[in-house]
């Protein structure tokens, strides 16, 4: 028994447990009985493996719990902003910018949104925004002419505007709500209601009776003075209308067309708004044929906005249309989306009291209204309103003609082989107007236009322009003069052909001279070779005849009998006598 107890004690000591644990494993010997808690504490205290196992169990339980709690806390505190939204979808933002021909970088994107645009003091928040008003304010700072502009930020603000105007699905929930339309001010006095047969065009005042001419008119002459003669009045009924069933009133355009067909002799040709007798303006609306010709003989606004803008500018200057005519002109020549862009850009240019563009809605609605105003072109105030309206409309057309910045399209404009420098410069400026928001006539953009003009010219002009001394001090007109000089000094096709022929002739002469030298060398070598062979041939033996001497070359004897051949003297032989 004592041996078993000692063995158990030794085993307990080896496994790091208390000797009292022998009671739990069935030691029948006498000894103190310990409780389970005391035994567990003893195992925890003495066994390192037990402590390690318990710590691992506790850690495996606490780590997931803490991770879950931290994740819940972080997710509960994260706020999605326009800036973070664009960073989460950065690949789509870069693709959108690439489609517009520009490149953006994430680091600069963050810097501009959080710092530089905020410091412009135009209301841009640090977290970014998709509000078109804030984007427009930042654009004004970026597109400012001269040294106050920021051309390097153009790709980033254009990409912001693209995300706001053509938002993808992940941007739409963060767009600001549209502003409610501004209510029109109520007139102080009630306006008289228009009759059912009234037209949208202003009422033509009744002209005064014409003064009798000094000279009697020639009835046989078909000519009239369009600048001084009052046009014939519109036909009207003379006397009370006939009694009978009343027909519905026709539209003004249909009435004018019907009257023109019925009474062609009494109808005058439609002319622009101009002053008639007694300085009273006369008014004729646009004809359908004019609108059709303008639309069919000019490219669409989306294809060539500059050409259509120039056309509308000439129409506004020569015809001096009213507000209704301007709407009719825009509706005939532009699409719905293009009209909205033009009107939006025009309302941005409404001047305030200080002459700068204003943001006051009442001033904008009063100066450039979207609904038909009560402007009478017969009064100076009405004509002044129409003049300012037409100027703003032209500004809106030029603003809407600016496409997203695409410098790649500008770089593709290169000078043709036979194109003059002046024509190339005009095409280059047109590309700047069409594909960038910059004005090539602005002195602040002269450096970029000069670089494009130099590096995109034809190779011969480019090489000579780059070698000019003091190139930094040249203006665009100076470079154009130098390019014209280089272009005019170009050789004609006949001169080029003659130069090539002379060069080919010189090349042939040089080749002939080289071939002559080679042939002379070969002939000299052959001559030396023949000379050596002849020399060796002289030294060879000539065959002898049958009766010819090999020594003296004479015939009649052989060499052994030749008398000219020296003969050897015979040696004196001494005979020995054997007897001696």
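Here the Cβ of each residue, glycine as well, is placed from N, Cα and C on the backbone.
Residues annotated as topological domain 'Cytoplasmic' in Swiss-Prot, with a curator's inference given as evidence: 1-51.
Taken from Swiss-Prot, the feature transmembrane segment applies to 52-72, supported by sequence analysis.
The topological domain 'Extracellular' annotation in Swiss-Prot covers 73-580. Confidence for the topological domain 'Extracellular' (73-580), expressed as mean pLDDT, is 77.
The annotation N-linked glycosylation site is assigned in Swiss-Prot to 134 (among others). Sequence-distant neighbours of residue 134 (N-linked glycosylation site): residues of the same chain at least 6 apart with a C-beta under 8 Å from its C-beta are 122, 123, 124, 125. In the three-state DSSP scheme, residue 134 (N-linked glycosylation site) falls into the helix class.
What Swiss-Prot records for 171-282 (among others) is region 'Disordered'.
Marked as compositional bias 'Pro residues' by Swiss-Prot: 174-193 (among others).
Sequence annotations record features per position, and here Swiss-Prot assigns compositional bias 'Low complexity' to 194-203.
Taken from Swiss-Prot, the feature compositional bias 'Pro residues' applies to 204-220 (among others).
Residues or ranges marked as compositional bias 'Pro residues' in Swiss-Prot: 230-245 (among others).
Per Swiss-Prot, compositional bias 'Basic and acidic residues' is recorded for 491-508.
The region 'Disordered' annotation in Swiss-Prot covers 491-514 (among others).
Annotation source Swiss-Prot lists region 'Disordered' at 560-580 (among others).
As annotated by Swiss-Prot, compositional bias 'Polar residues' applies to 571-580.
According to Swiss-Prot, the feature N-linked glycosylation site maps to 572 (among others).
Each residue of the compositional bias 'Basic and acidic residues' (491-508) gets a DSSP state, and the totals for helix, strand and coil are 16 helix, 0 strand, 2 coil.
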